[in-house]
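The structure appears right after this line, and notes come after that.
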Amino acid sequence: MAQNKSALSLLCLLAFVSGHWATEAVPNRTDSVIFSPQPLARTKAVPLVQPREEVPEHDGFDFASVVSRFLPTSSKIKNDACRQDSLAVLEALKTLQPWALQMVDATAKLPAGLLHGNIKSYGQFDECLEVISKGRRQFVGQYCLANVHIQAFEEVTDRFLDEITLGRRANEITYNRTHMPVPDLLPSMALIQFASCIPSSCTPEDVQVTLTDAMQWAVKPTGMRASVQVYPESCTTLKSNPFTKGEVAMILVIVILLLLVFFSSAYDIAELNYAESESPIGKALVAFSLPRNWERLFKEDVVQPGVIGSLDGIRVFSTLWVVMTHKILYYAQEPWINKLQLVDALASLIKMPLINTLLNVDTFLLISGLLKAYHYLRDLENKRFNFISCYTRRYLRLTPAYMVVLGFYATLLVRLSSGPGWNKFVEQPTDACKTNWFYNLIYLNNYLDNGNQCMVQTWYLAMDFQLCLLAPLIVYPLWRWPNVGKFIFISVTLLSVSIPFITIYCARAVPSYVLGASDSSIQWYMQNIYFITHQRASPYIIGLALGYIFYRMNTTKVKLTKVTVAAGWALSMAVLYAVVFGSFDIFQYGHEYDPMESAIYGALHRPAWALAVAWIIFACNCGYGGWITTFLSARAFQPLSKLSYSIFLTHYIVLMVNTGRMRTAVYVDEYTLVHQYLGDIFLVFGVSMILYLFVEAPLFELAKLCFGKKKGGNKPSAIKIELDTVHVAKTDSQLTRLASAVEKP
């Protein structure tokens, strides 16, 4: 009933405002009855074309008088050029000049679906930018996207505004550079936006003054108050910007890469007798060979018995989930015609995997810890472990492709397209790359100015690299002094769980990305818990333990009873279900905050998830996975698994561009989400394949030549590294039990 009253109140307001405009524009019109109250059957038919003398006379519709309220023509505008150009638009409207009508047509109107949460009216972006004046005043169209803030002083209007903004008016921070340090992570549901097409001579301040007066005039009859904010970055004109030095340098890098690929491919094709035993110089010359890297990508890797082929499938599904997570985060900021349905989605238990989505990265932390522990222990046993060499190899494995993408972010990305939200979703994130790129280069971006990160998803790379540096402090004692090492491991594990528990409880923080929480709460959680290594190291530590277990059972067949296996699988599935679906109440709108509940879930859900996934990996490796092992080890997953790192680096570009160039609100349902997601995935695969073939694979081959390991050692097995899959060489009829992959999503 309250919703119906609120909706009725708004409809009355709109009717009043429309009538106010019409009355002001056509003061003598008294016979403008739109709907007849009489039944249709009793109404006399009226000819579609009436005789000329029967058409009632009136003074005409003064369209310009209405439009003038939304153009900078008042005496408050101190910018004389802007005011004169706006008056020229009004004069042109009187004679229906096409360019002037185009400006009015491109300006936003009251959006359809307002009662369903469609509070962003983008107008016609491209139509506005195409405007070129034809009169004595020479100017072009300028598109400005204004933020409109409405205050209600009556209960009925206040309740209505809460309903169409999903109750987030008091929760959201106004969008600007200062007060929204992580704009691509915060939802945008309460921000009303209105686009205006004005002459290019006008400043954002001129637009702000004009729209504030117009909006205040529109809502005045209801007792509400309106204010408008227009930022310089929100105004756009169709102009060409010269290439900067950074952009020229990035173009030069791309050209050099293309030339290297061309000449390396030509050399590879010409050298038909090339063999793996060729000299290092020959291998370096074909490192950029497109045919060779294509073959590496799609070549079937022979998985020996006892090798964890299931990691390919786990990695692929986790990567797809990462992309879906970020797709949904952007979806929460896009304009919808039916955004109120998001509340219904939150109330659906079956949609929890799409809501509680921040668990996928913990799977990668687990796998990374597993592989790192196994490699460290193997090198220690073979007496060839070197800290500096190990860290250098790791740095060179991650950084080249990373820096190429970062350079593209900081330079050429903004030139890919444009749109109403281009500044917010593309320009601001790329500006962060221009100022904070060095933090990414030294892998400290998750700590230093982490609210303004370049390539925000790369907090994970920083965390992984930091944990890689710290891993020997746990692994070496396990190898050298097992009892001491186990004590250190248990202590570090308890510490990794206690720190987030204490932090969340004392700070009264949310335990995850809770859509119903305030922006300040979400922002604090992301910057002080989600991005921070010491707050979420538990999955990596569990991975180290799993790697130690695999190392110790290298030549031993693990035998488990059927009851133990069944119990392990049942417990694993139950934990996965509890972590994802058990938090249903926490993610609901109106859920009463409980600091103990949040602290327990926030501290335990990540290690619980990691333990459950660790069982899946363990069971598949030991021969107790059955059809799950067969499915996760399928050949089809191998190329996608090799692309996982490139997908991780590039998928944000596709999502940013898609959201930034949106021209209008869309209707969103399950079909729309799946349709757009599949399209995004297809495009992401294409972009990531280019990065892999032209940058990642060639530079990794060069790194192998520089830091290749000599075969031999005390263990009865040797591991041959080939890009994303570690093949196992058979020695003394024994097989190692680990096949690693690129340790990144």
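Cβ coordinates are placed from backbone N, Cα and C, and glycine is handled just like the others.
Note that TrEMBL annotation is computational and uncurated.
Record features, source TrEMBL:
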type	residues	note
DOMAIN	79-230	domain 'Nose resistant-to-fluoxetine protein N-terminal'
SIGNAL	1-22	signal peptide
TRANSMEM	248-267	transmembrane segment
TRANSMEM	352-374	transmembrane segment
TRANSMEM	395-414	transmembrane segment
TRANSMEM	458-476	transmembrane segment
TRANSMEM	488-510	transmembrane segment
TRANSMEM	530-551	transmembrane segment
TRANSMEM	563-587	transmembrane segment
TRANSMEM	607-628	transmembrane segment
TRANSMEM	640-657	transmembrane segment
TRANSMEM	677-695	transmembrane segment
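If you count C-beta pairs under 8 angstroms between the transmembrane segment (607-628) and each of 458-476, 488-510, 677-695, the highest count goes to 488-510.
Three or more CB pairs closer than 8 A are found between the transmembrane segment (458-476) and the transmembrane segment (530-551), so contact between the two stretches is assigned (pairs 6 or more residues apart). By number of Cβ pairs under 8 Å, the transmembrane segment (352-374) is matched best by 530-551 from the list 248-267, 488-510, 530-551, 563-587, 640-657.
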